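Taken verbatim from Swiss-Prot:
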- 1-15: compositional bias 'Basic and acidic residues' (COMPBIAS)
- 24-34: compositional bias 'Pro residues' (COMPBIAS)
- 35-44: compositional bias 'Basic and acidic residues' (COMPBIAS)
- 132-167: domain 'EF-hand 2' (DOMAIN)
- 2: N,N,N-trimethylalanine (MOD_RES)
- 92: phosphothreonine (MOD_RES)
- 131: phosphothreonine (MOD_RES)
- 133: phosphothreonine (MOD_RES)
- 134: phosphotyrosine (MOD_RES)
- 183: phosphoserine (MOD_RES)
C-alpha cells in the first residue's frame, strides 16, 4: 500500500478545528475597586467652638481619668473613648480609633495624650454626632407594629426603652410616654416620634 500524500486542505481543516476547540483566553478580571478613602483626621484643622466654661468643665473631667504617677494631665489612648463618653458623646469604637490615628492594639495602653491633644478630638466627635432622623426613628418603631396599623403596644415600648440600647430609667420612660397611650394601651408611633423630637 502506497503512503498517503498529505492533503493540504484536510490538514488546514484539522488545524482550524483544534484552534476552535481550544478555549479562548479568559478576559482579564476588572481591576478591584479602590476602597473609599475617608480623609485622615487632622486635629490642626479643627476649630474649637466650645466656650471657656465648657473647656474648664471638660478639663476637670479629663483629670479624673489621669492615672499618671505625678498627675501630668495625660490619659492613655485606650481611655479616650471613655472620656468622650463621660462627656456625653457616644462615638463608636471605630470613630474613636479614627480620631486617634488608628493606633496598634499595643499602643492603646502605652501611648499618652494631653488635654490639648484631646480637645480637637472631642470637638470633632461632638460636631459629627449622627443624630437619627424622623424617618430613622419611625422605621425603628415600625418593627414593633405587629398589626401594621401605625401603633405599638405601650407596655412593649416601655420594655424596649428600659432594656435595650442606652437604657432609660423607669422615671425617664414614664416622663417620655406621659399622655401618649390611647384607651387600648397603644401608642401612635409617628406622633410619639414627633413629640420626642419636638423636645
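Keep in mind that glycine also has a Cβ here, set from the backbone N, Cα and C atoms.
Bear in mind that the values here come from a model prediction, so they are computed numbers and not experimental data.
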Of 92, 133, 183 (the modified residues), the residue whose Cβ has the fewest other Cβ atoms within 10 Å: 183
Distance from residue 92 (phosphothreonine) back to residue 133 (phosphothreonine), taken between C-alpha atoms, in Å: 18
Integer Cα-Cα distance in angstrom, residue 92 (phosphothreonine) to residue 183 (phosphoserine): 40
Chain residues in Cβ proximity to the domain 'EF-hand 2' (132-167) (below 8 Å; excluding those fewer than six residues from its ends, i.e. six or more beyond): 90, 173, 176-177, 180-182, 185-190, 192-194, 196-197
Averaged pLDDT, computed only over the residues in the domain 'EF-hand 2' (132-167): 86
Secondary-structure category, per DSSP, in which residue 134 (phosphotyrosine) falls: helix
Under 8 Å by Cβ from the residue listed as 'phosphotyrosine', counting only residues of that chain that are 6 or more apart: 193, 194, 197
